[in-house]
Amino acid sequence: LLLRWQRRRGLWKKVQEAQQRQERSLVRMERAVQRFREQHPSVDTVSILSLPLPELSKKLRDGSLPLEHVFYAYVGKALQITIETNCITEYLEESETQLRKVKQVEKPGLLYGVPISLKDSIDCQGHDSTLGFVKNISKPAAEDSVVVQVLRRQGAIPFVKTNVPQSLISFDCKNLIFGQTFNPLLYSKSPGGSSGGEGALIGGGGSILGFGTDLGGSLRFPAAFCGICALKPTGNRLRYSMNALFWSLPVVAAVGPMAKDVESLVLCMRALLCEDMFNLDSTVPPLPFNEEVYSSTRPLRIGYYETDFFTMPSPAMRRAVRETKQLLEEAGHTLVPFELTNVDYAVFNFCVKGVFADGGVSFANNFKGDLKAHGVRLFIWLSKTPNWLKTLYSWITKPFHISMPFISFVSFFSTVDEVWSLHHEIEEFCHQFIAQWKKLNLDVMLCPMLSPALPIGYPEKLSAAVSYTMLYNALDFPAGVVPVTMVTEEDEEELKGYQGYFRDWWDRTLAEAFHGSVGLPVAVQCVALPWQEELCLRFMKEVETL
């Protein structure tokens, strides 16, 4: 007991040190901004912050806007947003040095002088990638990740890292080191996760371009909850390592951009899909950005669905799809109903079982010798129990959680053959899905996106609500999020009749979470076939414009 107490005391001491470092970072940001304002009192930061990324980058490249003005305008705004939402974990002080070096470059890249933010889990040389784990404090990355290296070569200036939930397996944003991040639109709501710090910072206007990761919706939830845009590319279009959280997964993780508008995502993808990316990582297919596909104006044939028949959409979610469908038809596009089947089977058998194929043992091992957030303690306990006990526990709790027999799926495979069978089954499911897509001759798909933002604390109770997003991780399709409307009083009134498909505790909790959201943004998902990010972005732009 004494040894355990000493170990815990040591961990809490590390937490305290990390929090103090975070506070010192914010003080350095404040001093840097103050120094700049004293030297340049007449700079109009409001007009700088109002510029969309394509216009801002053009002004930076042609020299009509000084780099320092843009950089310190965003440092100042980021400081304000993190004071309100607790989204920044660290200020990258060397960004001020990089700012001076970038000015000396002869041939400016597409993101020349653009200040960008990075999710905690994306490696940046000399800085921690904690993933919310105390044991990762004071273990700085030895080198930049490939994405960060390419961004620097394109002239971008990473200036902050942002908060995540512990282990990244959550669509909320809270850990024991840096605490809870709040939604900039309404502080009682979650910013989404696991790229929640990015969502809050960009949604509040403190960053013009950020980068997160997505294993089950971790880019798309924060975008939808904070009213911004995001793109989850095909898994290997931009290379991302899961920082040894998992080994090879049948469910594919991806790194992608987040921004206020679609054109900003497009500029980012143009910058990243370059020779530097292909040379630095030979596993990335050498596919430059296809301008012809993105700029095409031919009418699209679009599949759509309003529900996955597992997670009942809120009235606002259903309305968002219907209104977008109508606008697309009026613009000359063809909309075709797409019937989803067995989404619950796909989510539990492919996604949950795929990620936790060893019964969650590898995942739980990450928590060894670390402090554990409240939401993961039950899961860690379950990962250590034998399969027969998990099955029994699942059977006992099933009357209360009809829609979510989660426990029985966190069971280990006893043979390699079973793991191979799972991979084969996912492959077959993907082939069937694409066959249905091709039969309808579709270009893209319009889908619901879980929104509006849920209250803080609810995402950890509603883990199965990832059904709308995680499906496209299992399929490894590119998927983007675009905000299209806001919750109305009529939507709120309709919620009184919301019961869900199973009418169990989970459905009642989701109905409770949807309440009190009038005025918050509601998004849709835009999906394309693998490696067709340009078509996905073209569709997103069409939706955004309409």
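Glycine residues also receive a Cβ, built from the backbone N, Cα and C atoms like all the rest.
Note that TrEMBL annotation is computational and uncurated.
The model shown is predicted, which means the values in this text are computed figures rather than measured ones.
The feature active site, charge relay system is assigned by TrEMBL to LYS119 (among others). Neighbour density for LYS119 (active site, charge relay system): within 10 A of its CB lie 28 other CB atoms from the protein chains shown.
Summarising the annotation, TrEMBL assigns active site, charge relay system to SER194 (among others).
Look at TrEMBL and you will find SER218 tagged as active site, acyl-ester intermediate.
Summarising model confidence by region, the domain 'Amidase' (73-537) averages a pLDDT of 92. The domain 'Amidase' feature in TrEMBL is assigned to 73-537.
In this structure the C-alpha atoms belonging to LYS119 (active site, charge relay system) and SER218 (active site, acyl-ester intermediate) are separated by 11 Å. SER194 (active site, charge relay system) sits 5 Å from SER218 (active site, acyl-ester intermediate), counting Cα to Cα. For SER218 (active site, acyl-ester intermediate), the same-chain residues that are 6 or more apart in sequence and have a Cβ closer than 8 Å to its Cβ are LEU168, PHE171, GLY193, SER194, SER195, GLY212.
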